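Each remark here refers to the structure printed beneath this line.
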Amino acid sequence: MKVISNFQNKKILILGLAKSGEAAAKLLTKLGALVTVNDSKPFDQNPAAQALLEEGIKVICGSHPVELLDEDFEYMVKNPGIPYDNPMVKRALAKEIPILTEVELAYFVSEAPIIGITGSNGKTTTTTMIADVLNAGGQSALLSGNIGYPASKVVQKAIAGDTLVMELSSFQLVGVNAFRPHIAVITNLMPTHLDYHGSFEDYVAAKWMIQAQMTESDYLILNANQEISATLAKTTKATVIPFSTQKVVDGAYLKDGILYFKEQAIIAATDLGVPGSHNIENALATIAVAKLSGIADDIIAQCLSHFGGVKHRLQRVGQIKDITFYNDSKSTNILATQKALSGFDNSRLILIAGGLDRGNEFDDLVPDLLGLKQMIILGESAERMKRAANKAEVSYLEARNVAEATELAFKLAQTGDTILLSPANASWDMYPNFEVRGDEFLATFDCLRGDA
């Protein structure tokens, strides 16, 4: 990494810990800053805070005392999840204390070029696909960002010959100023996180910050299926490379079941390692990045054909007696499950769905349920999900949890069938998060395989 003097002997407050805050604290300390970390979690429940204290970093836990800002900090590094209307953040802005993001801090010291990926859906899968293809092509791609590897930690190990492949959320992008990736991908834009941003327009503006400092020597990859992309493309200085599953574009596109870049055929959609129309979009974005990075067509095709998905995101788990299991626990809304269902033959599919009841009906899902072999329904939303199944004329059974649902599905399945966990609901009625829910599906698969 670059050793810069910008933060030498500067008093810096890190607001909010988690993985990114811990990494930022260590990086800034290494750069000679005088760091104070403030986290709302009590100290005795905060192993990360305890570890930082042992390293000599000042830590204040249990609350966010506004008076802490009376200490004349010269910078604040804010955790992405803390909104800008937080009293501490508002006070810092009133005092004209510059607020940095952790990803921008990483950018300042990075020797490696950055490929940034954002969007409403498909970020993690596309980020992982891109890194896999670049590495298969002999390059050194390092995953970082919102994918679980804090950018300010990864950047300390990265050298000029590496490439940081960085997943970026709207929370991380909303406050950047200097951040400039060489290649940026926006997978799609849907109205999400409006409780944080306030409006779809503000959410889009946050995502659009990924390209704010890009020039014509940089590349911006946009989803041409969306009308908003054409509008946004007119306002960037970057060179735009579109991708589309609906029309031929001057970039990556789907035509007659084949994925192309420009006029070069790369791979058949049926040969992709993960199913679903959304994964064709993810693969097209990946192809665009790979071609811009000089990866050979045969390597791109081979890598995409062997890509098995990301854990809990339409993850191909394996087979038992020629029955295939997919873990899509990350599908916490109707749209995500619709996209998952698009990749399967409903007549051979058993769907496990249901979860937290948010009061919404599932009428929009009904057309996607038509012809399903069977549903296994669970969770608080079971009654609403049953109504959708009845409208689609799909038979169903009820289960008490994911383990029981998976066992029931396996008993019903026949050779050649697929069992898909794609709940279309959040997990919090039964599980602390979608990862725990998905892990129960994986554990049950392992038990069933052991008994087979």
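Keep in mind that glycine also has a Cβ here, set from the backbone N, Cα and C atoms.
Annotation comment: Swiss-Prot describes GLY119, SER120, ASN121, GLY122, LYS123, THR124, THR125 as ATP binding site.
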Exercise. Which ones in the same chain are close to GLY119 (ATP binding site), with CB under 8 Å and 6+ residues apart in sequence?
Worked result: THR126, VAL185, ILE186, THR187, ASN188, LEU189, LYS207, ASN223
Exercise. Which chain neighbours of the ATP site, leaving out GLY119, SER120, ASN121, GLY122, LYS123, THR124, THR125, have a Cβ atom within 8 Å of the mean position of the site's Cβ atoms?
Worked result: ILE117, THR126, THR187, ASN188, ASN282
Problem set entry | Those binding-site residues listed as SER120, ASN121, THR124, THR125, and which of them has the most Cβ atoms within 10 Å of its own Cβ | THR125
For this session: Show which residues of the chain containing LYS123 (ATP binding site), separated from it by at least 6 in sequence, have their CB under 8 Å from its CB.
Result: ILE117, ASN146, ILE147, GLU167, LEU168, SER169, THR187
